[in-house]
Amino acid sequence: MSNAMSIVELLVHMDCIGCEKKIRKAISKLEGVGSYEIDMDRQKVTVTGYINQRKVLKAVRRSGKKAEFWPYPYDGEYHPYTSQYMEESTYASTYNYYRHGYNHSVQGYFPDPVFSWVEVDNATSVFSDENVHACSIM
């Protein structure tokens, strides 16, 4: 039990109400917890009390959920620029993912053709018997 009052904010990946219940149960068993709030939309868990940050993190991880400390600097209600951080949900597999141009949906090099084939209906093909869409007057 810590002597100082602390606020612990965690980013916890929650999919359903069952996940939320597991986290509630794990946090409520800890000593020194004053209050806690679980926000499913933002995947955020806030714990307030006389408690060590590492113990809260370990307790949530023991419940089977992937958890980490809240990575965003401020609360989005008061500082709206943090919403930009939350909307960037693209996870890159390497550190140079965007630098090398892999952020497009089509990967690889596909050059444009030098010329293109376009069928043009000539006057002779419009009145041809072989053309299915030919003029029926002839």
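Just so it is clear, glycine is given a Cβ too, placed from its N, Cα and C backbone atoms.
In TrEMBL this protein carries:
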- 5-68: domain 'HMA' (DOMAIN)
Segment confidence, the domain 'HMA' (5-68), expressed as mean pLDDT: 91
Per-state residue totals over the domain 'HMA' (5-68) - DSSP helix, strand, coil: 22 helix, 22 strand, 20 coil
